[in-house]
Structures are given as structure tokens and as C-alpha cells.
Amino acid sequence: MAVASTSLASQLSGPKSLSQPYSGLRRSCPKLDQSHSSLFQHLSLSSSSRKASRAVVAMAGTGKFFVGGNWKCNGTKDLISKLVSDLNSAKLEPDVDVVVAPPFLYLDQVKSSLTDRIEISGQNSWVAKGGAFTGEISVEQLKDIGRKWVILGHSERRHVIGEDDQFIGKKAAYALNEGLGVIACIGEKLEEREAGKTFDVCYEQLKAFADAVPSWENIVVAYEPVWAIGTGKVASPQQAQEVHVAVREWLKKNVSAEVASKTRIIYGGSVNGGNSAELAKEEDIDGFLVGGASLKGPEFATIVNAVTSKKVAA
């Protein structure tokens, strides 16, 4: 197969993000102000003791650092062949779970040529067993070709396709019951953040997952602020960390302390090779879900290797 020299990333369109952080996080009501204030005070007081107990990687979740690459609806056979070649030659840190999600049409091509070091995910799956559902991909089909993960609740599925929280929760439950791991996406739109509804929106989306899923054992939560995708506004590490802390506390209060401790919460807002190291330093950022930058092999490798920013002295 011929290998194209053109970068797959060059097919992406839309405005590039600027470097300045966007400060728009406000609580939606006094009651939330009080609860979040006490929450953050509590977590600040306990952070030093939590860090002292982790000798290898400073991470709130107990699993490996997790980096997913979502290729979305991009690529041709030749361009994907070049991307896979770049990934196969990349040197990746060993203590990271790495997953990529190619377009469905190219899953077999990627499976046959990508290193076993990197797992392959579906970008979506149907809510039940396959059948007369034109254009959909079933969990059974993903399993049949050896896939172990699926991305559900991505902002483009929510806000472009129109999937609601409850439907996404049912999809997650079915995928988990059939043995797939789920990358469960949550996140607020720009107008929701500016209206002070960031936490409300994330909690509602989390609740839809919690109400439906049988277990959190094979779930990775991806916080994906929609306002940080193609808007020219970038979340600072501190803004991302604040929401991750709140998500973990919600899991503790509404699911269990064990789930809150073990669940990896990754960040998915315009992550690239230039900001991944600083983001990775935040304790509750357990990895990344990467869009455009995952289409460039060397840059994606840089993001995977950002785990080194998280390592602390024993």
C-alpha cells in the first residue's frame, strides 16, 4: 500500500485554539457555591496526604494513565497507513494505557497493522443487539473484530446527532453488560459554562450513567468541555482540575468511595503536544481523550509520554 506524505491532521477544518485560558467557571446558585466551597477546602486539606501515599505516579485514579485518540470522521486508506506507521515507530512510556478510535470503515485495516501496544476502540455503538438499524454499529460487531473499548456520550453525538443523557446511559449499560469498556464523555457547552451551569450539566450526565450502568469497573470518564473545542478558548490546567475534583467527589457521594478512588477521569478539551505536560501535572487528571492531535503520530506520542510530568519521587 502506498504511503502518503500528507498529514492526516491537515484534513481537519475549523478555527485553531488560542493559547490564553478562558475563565468562565461560575456556580449556578448560592447552594452550589456553599457546597463546592466546602468541597474544595476539604480536598485541598487532604491533598498532601493523598500525594504522600502514591510513590510512582501522582494520580487520583488507581489505574494506569490513560490516553485515547479519537480519529473521528477523518482519513483515507493511505493517510491512515501513514499514521499507523508513525505510531508503530513511536517510543511510548510503558505505564500508560493507549487506545485509538479509527473510523469504523478502517478498523480492520488498523487492527492488521497497528502494534499490539495500542488497543483499538469503536467511536460509537448501538443501544441494543444489532438488527434493522441503518447506519449503526452493534456491540456484538465490535466484539467480533476484537475491539475492547467504545466511546459513548461524545459531545458530537450529544449536540450534533441529538443523543440525550438517558439514551447514552442505556448504550453504556448495554456495552458494559456485553463486555466492552466504555469511555464515558461528559462536558458543558460554552453557554452553559457562562451561565454558571458547568457542575450541574456534568452531574446530570454522570447521573444518567450511574442510573443505568451495572458497574463502574470498566468505565473511564472523559471530561470534555465543549467550549474548549474549536472556540479559541482553552481550559487552563487549574480549570480542568477543578472539574475533575468535583466529578470525583460526585462519584464518592453518589456511587461509592471505592468507585471514586478507582475511576480514571481523563481530560478532552483541545489537548496537544504543547499543553499536555502541564495538564498531566494536575493530580485528578488521569489521562487524555485527544482529537485533532491524535491524527499526528509524533504529537500523539508526546501526549502519551506526558505521563512523565506526573511522576514523583518515591
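Just so you know, glycine gets a Cβ as well, placed from its N, Cα and C.
Pulled from Swiss-Prot, these are the features on record:
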TRANSIT   1-59  transit peptide
COMPBIAS  1-22  compositional bias 'Polar residues'
REGION    1-25  region 'Disordered'
BINDING   ASN70, LYS72  substrate binding site
ACT_SITE  HIS154  active site, electrophile
ACT_SITE  GLU224  active site, proton acceptor
GLU224 (active site, proton acceptor) and HIS154 (active site, electrophile), Cα-Cα, nearest whole angstrom: 8
Those recorded positions listed as LYS72, HIS154, and which of them has the most Cβ atoms within 10 Å of its own Cβ: HIS154
Between GLU224 (active site, proton acceptor) and ASN70 (substrate binding site): CA-CA distance (Å): 12
Around the Cβ of ASN70 (substrate binding site), the count of other Cβ atoms that are within 10 Å: 25
Nonlocal residues around GLU224 (active site, proton acceptor), in sequence order (Cβ under 8 Å, 6 or more apart): HIS154, SER155, CYS185, ILE186, GLY187, TYR267, GLY268, GLY269, LEU289
